[in-house]
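What TrEMBL says about this protein:
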type     : residues  : note
COMPBIAS : B:1-14    : compositional bias 'Low complexity'
REGION   : B:1-25    : region 'Disordered'
TRANSMEM : B:37-56   : transmembrane segment
TRANSMEM : B:97-121  : transmembrane segment
DOMAIN   : B:98-288  : domain 'ABC transmembrane type-1'
TRANSMEM : B:133-154 : transmembrane segment
TRANSMEM : B:166-187 : transmembrane segment
TRANSMEM : B:208-230 : transmembrane segment
TRANSMEM : B:267-288 : transmembrane segment
Amino acid sequence: MSSTSTGVRAAVRGRAPAWRRRQALAAWLFALPFTLLFAAFMVGPLLASVGLSLTDMTSRDLRTPLAVRFVGLGNFVELAGDETFVRAIGNTVYFVGVGVPLTVAVALLLALALNNGINRFRSLFRVGFYTPVVTSIVAIAVVWKYILEPDGLLNQGLGAIGIGGPDWLNDTRFAMPSLILLAMWRNMGTLMIIFLAGLQGLPADVYEAARMDGANALQRFRSLTLPLLRPTLLLGCVLISVYYFQFFEEAFVMTEGGPLESTLSITYFTYNEFGYGNYGYASAASYVLAIAIGLVTLVQFRLLREKG
Amino acid sequence: MSRTTVAPAPTAAAPAPPPTVQEAGRRRRRLAVRDRWYLYVPLLLALAATVLPFAWMVSGAFKPQSEILSGEVRLLPQDGTLRNFRDLFTRVDFGHYLFNSAVVAVAVVLGNLLFCSMLGYALSKLDFPGRRVLFALVMTMLMVPTVVTFVPLFVLVTKMGLANTYGALILPFLATPLGVFIMRQFIAGIPDSLIEAARLDGAGEFRIFFTLVLPLSGPALATLAILQFLSSWNEFLWPLVAAQTEDMYTLPVAIALISASANSVNYGLLLAGATVVVLPVLGLFLLLQRYFVQGISTTGLK
């Protein structure tokens with residue numbers, strides 16, 4: 001009986017129902033495992049972190065959840081007055097503001113060089129520059145810490161050409177640049193590959209025409225490559241910024257956020273507050289980071305789309 | 001797998017032309033190297049600088065503490081020793097951390113291969129209500145970093161009674177949006193006619209998925225497996241939070257905490273540990289670089 005009634009309903013709507021409904025059912029069965037895990041461990045926590053950031057929850061409340069109080073934007077107000085947090089924002093902006101342009105520039109240089117008549121050893125270069133990307137930051141940070149010791153490899157090398165290197169990681173002026181250098185080394189390979197793919201997609205005939213018109217290499221780069229590569233550059237900038245905004249592991253291993261909090265990032269601050277048991281406060285801090293990441297991504301899309 | 005089949009060079013090695021032309025080609029290429037010394041020289045220097053930290057890591061891992069402290073620059077250890085590695089597995093329980101990292105990585109890879117390809121198939125080849133919304137939702141989560149979710153995630157895992165278990169280390173990474181993106185993209189390229197034909201032959205959707213779609217998705221599955229293995233093997237913040245006792249540490253957590261706890265850093269031990277973490281991954285990368293590079297250039301993500 002039910003089958004005739006649905007059949008009639010479907011006939012009225014003018015659809016082929018049975019196979020379609022069976023396919024929809026199968027589709028949802030396919031989607032179910034992922035969707036459940038995704039809801040429980042990604043969407044849920046993301047929404048919960050908004051809620052949590054508006055409460056005063058601490059580790060003690062894990063057992064007595066009813067004691068949690070709603071504090072509105074109290075955590076955010078407190079963050080704004082928290083000297084350490086303001087410091088962490090400044091440090092993160094420093095890391096992103098210097099690290100992103102540097103990494104993008106180096107990766108673009110490498111990609112341009114490899115795309116300009118490097119036929120021999122081409123894949124050797126590609127693989128070589130890419131290797132740091134696959135390594136664990138923690139493991140590699142240990143190696144860099146060893147290299148950056150006051151009498152480590154770098155300072156020995158500098159000493160050989162008559163330069164007295166500083167105590168890189170224990171000097172407030174040099175600690176952050178050291179971490180940025182490590183990040184550049186670790187991540188330039190990703191961007192290089194992306195930029196290379198972009199460069200290889202550029203139309204050869206346009207370059208031929210420009211060359212016929214007597215445009216030199218610099219002119220071709222400025223008025224052809226840069227504008228044509230804009231979408232790829234944008235993608236690279238966004239990816240690397242999102243990543244750099246979260247920096248943490250390098251500092252955790254190499255400087256523990258020091259010296260004098262000069263390498264304490266927002267993620268590090270969040271982790272510390274979590275460690276002290278201030279869950280609401282930590283969530284609020286992490287939300288500031290999430291919002292910053294969202295905004296910067298938007299701005300970059302705007303900027304790189306409008307110009308040119 | 002030999003080096004030549006792996007080399008991802010669309011422009012590099014052309015199929016071998018007749019000998020005379022080859023000769024000329026070789027000469028031209030040698031000339032090209034000489035012509036472009038201003039590119040090759042800086043590139044080679046940059047390459048050396050890029051690879052140097054790895055060499056220094058391996059070299060230090062085989063040096064005795066005295067030689068490390070002496071601060072002499074010597075790439076080959078004067079007094080090569082395996083002591084650091086022995087200490088790693090006897091004085092520190094590194095074998096156990098290695099096991100933990102491997103268990104977590106394998107579980108994460110298998111889970112993602114299955115769940116992401118299932119959803120990828122549904123999203124690209126099946127019609128169902130909610131399809132667009134689900135896809136849009138998954139894609140908006142593509143860039144949400146762990147740091148934003150780890151506090152509530154910790155509360156959740158604790159409430160579920162999973163604190164300090166493998167479940168806590170694995171479950172949050174079983175369903176990743178990037179995997180769905182890769183699989184959906186790839187499966188969409190499988191011709192509809194193939195799937196239609198199987199349907200006409202009376203195969204159900206599950207049979208089609210397991211006997212037709214999955215076997216055809218080899219390259220995408222390989223890319224996904226590699227990306228997930230890497231991110232699981234290198235993941236730090238969440239295991240640092242979720243593993244509360246030493247027996248649940250993964251490799252990066254163990255290394256970071258050993259490095260942080262000691263008053264005077266035992267670099268020999270740490271460099272040996274870093275070598276154990278990094279070298280297998282480097283080896284894997286050199287063997288399977290084609291899939292790594294594919295993963296990056298098709299998705300633009302790590």
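Note that Cβ sites are derived from N, Cα and C of the backbone, with glycine treated the same way.
Here the transmembrane segment (B:166-187) does not lie next to the transmembrane segment (B:37-56) in space: the count of CB pairs under 8 Å, restricted to residues six or more apart, is fewer than 3. Within the chain, the transmembrane segment (B:97-121) has long-range Cβ neighbours (under 8 A, six or more residues past its boundaries) at 138, 166, 169-170, 173-176, 179-180, 182-187, 209, 213-214, 217, 220-221, 224-225, 228-229, 232-233, 239, 248-254, 276. Within its own chain, the transmembrane segment (B:133-154) has Cβ neighbours under 8 Å at 119, 123, 163, 172, 177-178, 180-181, 184, 235, 237-238, 241-242, 301, counting only residues six or more beyond its boundaries.
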